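Listed features, source Swiss-Prot:
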- 1-23: signal peptide (SIGNAL)
- 88-115: disulfide bond (DISULFID)
- 96: N-linked glycosylation site (CARBOHYD)
- 128: N-linked glycosylation site (CARBOHYD)
- 219: active site, acyl-ester intermediate (ACT_SITE)
- 273-284: disulfide bond (DISULFID)
- 274: N-linked glycosylation site (CARBOHYD)
- 299: N-linked glycosylation site (CARBOHYD)
- 347: active site, charge relay system (ACT_SITE)
- 400: N-linked glycosylation site (CARBOHYD)
- 426-561: disulfide bond (DISULFID)
- 446: N-linked glycosylation site (CARBOHYD)
- 477: active site, charge relay system (ACT_SITE)
């Protein structure tokens, strides 16, 4: 990114943080595991307590690297919980080290394999409060519960809830898979699950009600929450779930056992640990430095928006007897949870800047010709057969544009939409439909649910005046988070008044949903009534935008998402073939995709 884009430097955030901070006093709590010391201070005229770096598991180091997490043992001495949790081992985004737009997502605390800790914010008078548990995103290769954008003090102070940010292992440390006890896969999900169990057992000491736990997460965090809806061991650990721009069905979020093992074996080869037995290979791998392991993961061959180590769809410990992808289609998931599912208007722009910098890494709004647009679809979706790419070009093109050599903003905008739709939004909408479908089945006279949970859908279109990226990027992937955590209130000097008001409303929606399973404002205008996602309400969404633009809207993206759903259904058929046939090859995938797409293309 060019230096002229760096108009929101890190120093601004540091300065404002110091100005907003009040006098801090120590506070000590008794817990089942031992005494713990945190801090107490006033924020927005409310007394808040923080307990940072609280351990929920034993360190997963040395012989326990790559293995399931172990419960934290009791401690005898006073535990100091005044420093934010370590980040789990990861590489840094070196896109531009002087640009806050990328640096804000890099770990801001020590990076370590010893990282299974929580950060907790609670009102000083907390008693029997709702608990909101945050799952951070980052593609399962980066992220931290301690990023400044995830500071829970504003949410705790204004909504009178307890906020808990959990941590989990990333990359090969959390998702290496060899179908073996030494590398069982989904260790990061097991970390999350253990954190939820810890919260259920210990949050009462902090003033929380273990029966009033809700989870919310973004991107990989949202995909993780969907995994917990499926996992037998996560049942009963939370009542409500908010999924921000992510679902387990997202292509980047989940691998088949075949693909997960393929990547893991490649990593063994890259670091010289491909021994004759898994036991010997893992003994070797546990001796490799974490730095070398993290860097080597990026030498694995990946497609567009494919991440190195992610959730594996079948394993013995987290999903148990279930295949996660099949479970979503067959309704084999927890239906006793209210869901809020949403997407941002400009999900794709963030990824296009990184993946297609020659076209999108610009200060001014990018423009593309129709020829360039077609070529970018071919490269972005190169693993898809020609007929799918042709159908995508047809659906996302402008039939009135006959000059294919003229550059326009329209086609740059369509690249934003096509990447956002395929990799994020359409899977979220499918999950909303799927969840509602099975709720309807279960709430029939012969069904099992007397009071079925509710589903709500949002469409976030608000950009930020403090966003360091150019204005044309809009409401990108991840840029609703600052409003959810009340960043405009914490850093009021760099946000407009209307953005602060909007952030308060977003926090109210989120906290109301966490408390009651329904997103509501305390002072409600008629237009701000959030309709439930159902047939009676014509499956309407809630548009989230400042001013008078918080209002229900008609469902969008129907044609686009119907198309991508047919693609995903055919990919699922290929997945089944790959997993259950001993003679599968990539060519069978392409053949399976091609056969039905004559009919899919003709439908448009």
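Just so it is clear, glycine is given a Cβ too, placed from its N, Cα and C backbone atoms.
Taking the features listed in Swiss-Prot, we show where each one sits on the structure.
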| residue | record | contacts (Cβ under 8 Å, 6+ apart) |
| --- | --- | --- |
| 88 | disulfide bond | 111, 112, 113, 115, 116, 144, 167, 168, 169, 170, 173, 174 |
| 128 | N-linked glycosylation site | 207, 208, 209, 212 |
| 273 | disulfide bond | 281, 282, 284, 285, 288 |
| 274 | N-linked glycosylation site | 265, 268, 281 |
| 400 | N-linked glycosylation site | none |
| 426 | disulfide bond | 557, 560, 561, 564, 565, 568 |
| 477 | active site, charge relay system | 219, 245, 344, 346, 347, 348, 349, 350, 351, 420, 424 |
Among the disulfide-bonded residues 115, 284, 561, point out the residue whose Cβ has the most other Cβ atoms within 10 Å, with all shown protein chains included in the count.
115
Tally every other Cβ atom lying within 10 Å of the Cβ atom of residue 347 (active site, charge relay system).
28
Could you check what DSSP calls residue 426 (disulfide bond) once collapsed to helix, strand or coil?
helix
Neighbour-count leader, CB within 10 A, recorded positions: 96, 219, 299:
219
Under DSSP, is residue 273 (disulfide bond) helix, strand or coil?
coil
Cα-Cα, whole number of Å: residue 299 (N-linked glycosylation site) versus residue 96 (N-linked glycosylation site)?
21
